[in-house]
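Undergrad: Take this structure, written in structure tokens, and hold onto it; I'll ask about it next.
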Amino acid sequence: MKENQQQQSADLKTMGLKVTVPRLKILDLFQKLSESHEAGKRHLSAEEVYKLLLEENSDIGLATVYRVLTQFENAGILVRRHFDEGRATYELQEGRHHDHLVCVRCGNVEEFVDPEIERAQRQVAARKGYELTDHSLVLYGICGDCRKKEQKNDEI
């Protein structure tokens, strides 16, 4: 057994989850995406997870993918986000805070941390008498690639 797979097995057991092939494959998929540093590729829907597993010739059904994602969310391994209407995406819970920029055209998701925004949010909470314990900020817009495509289409 690979060292990474041994660690994944230990992680699952620590979270109170039985070690199964689908759980190991899905956890491995999210860990690889997290290590790739491509923020837009780190947020996956159940359908996207299923398609990636099919590309790896994994015999894991879509219902199993949904079940494992829900179990991982409940165990704190994954975080579920709702960027698009009615579509949940998941990302690995890494314990570090970040906010998101989401393209309303292509669905690309970029993670960012901005100290000024963080400071402003704490100040707003304090002015309103709140002690900020957590927050989620999602900014929606049109990414540079989509804007370039629109400009090219306008020129035609």
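Using the three backbone atoms N, Cα and C, a Cβ is placed for every residue, glycine included.
Feature list, courtesy of TrEMBL:
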BINDING   H97, D99, E118, H135  Fe cation binding site
BINDING   C103, C106, C143, C146  Zn(2+) binding site
Undergrad: If you take the centroid of the Cβ atoms of H97, D99, E118, H135, the listed Fe cation site, which other residues of that chain have their Cβ within 8 Å of it?
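TA: Counting only non-site residues, the set is H98, V113, I117, Q121, S136, L137.
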Undergrad: Suppose the Zn(2+) site is C103, C106, C143, C146. Which further residues of the same chain have a Cβ inside 8 angstroms of that site's Cβ centroid?
TA: V104, R105, G107, N108, I142, G144, D145, R147
Undergrad: Measuring Cα to Cα, how far is C143 (Zn(2+) binding site) from E118 (Fe cation binding site) in Å?
TA: 22
Undergrad: Quick one: of the binding-site residues C103, C106, C146, which has its CA closest to the CA of E118 (Fe cation binding site)?
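TA: The answer is C103.
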Undergrad: Please name which of the binding-site residues listed here, C103, C106, C146, is nearest in space to H135 (Fe cation binding site), Cα against Cα.
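TA: Among C103, C106, C146, C103.
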Undergrad: How many Å lie between the Cα of C106 (Zn(2+) binding site) and the Cα of H97 (Fe cation binding site)?
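TA: About 24 Å separates the two Cα atoms.
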Undergrad: Out of C103, C106, C143, C146, which of the binding-site residues has the smallest number of neighbouring Cβ atoms within 10 Å?
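TA: Checked C103, C106, C143, C146; of these binding-site residues, fewest Cβ neighbours within 10 Å: C106.
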Undergrad: Quick one: Cα separation, H97 (Fe cation binding site) versus C146 (Zn(2+) binding site), in Å?
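TA: Spelling it out, the Cα of H97 (Fe cation binding site) and the Cα of C146 (Zn(2+) binding site) are 27 Å apart.
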Undergrad: According to DSSP, does C106 (Zn(2+) binding site) fall in a helix, a strand, or coil?
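TA: Coil, per DSSP.
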Undergrad: Could you check what DSSP calls E118 (Fe cation binding site) once collapsed to helix, strand or coil?
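TA: Once the DSSP labels are grouped into three classes, E118 (Fe cation binding site) ends up as helix.
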Undergrad: Using DSSP and collapsing to three states, where does H135 (Fe cation binding site) fall: helix, strand or coil?
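TA: DSSP call for H135 (Fe cation binding site): coil, neither helix nor strand.
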Undergrad: For the C-alpha pair, I'd like the distance in angstrom between D99 (Fe cation binding site) and C146 (Zn(2+) binding site), rounded off.
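TA: The Cα atom of D99 (Fe cation binding site) is 21 Å away from the Cα atom of C146 (Zn(2+) binding site).
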Undergrad: Taking DSSP as the reference, which of helix, strand or coil describes H97 (Fe cation binding site)?
TA: coil
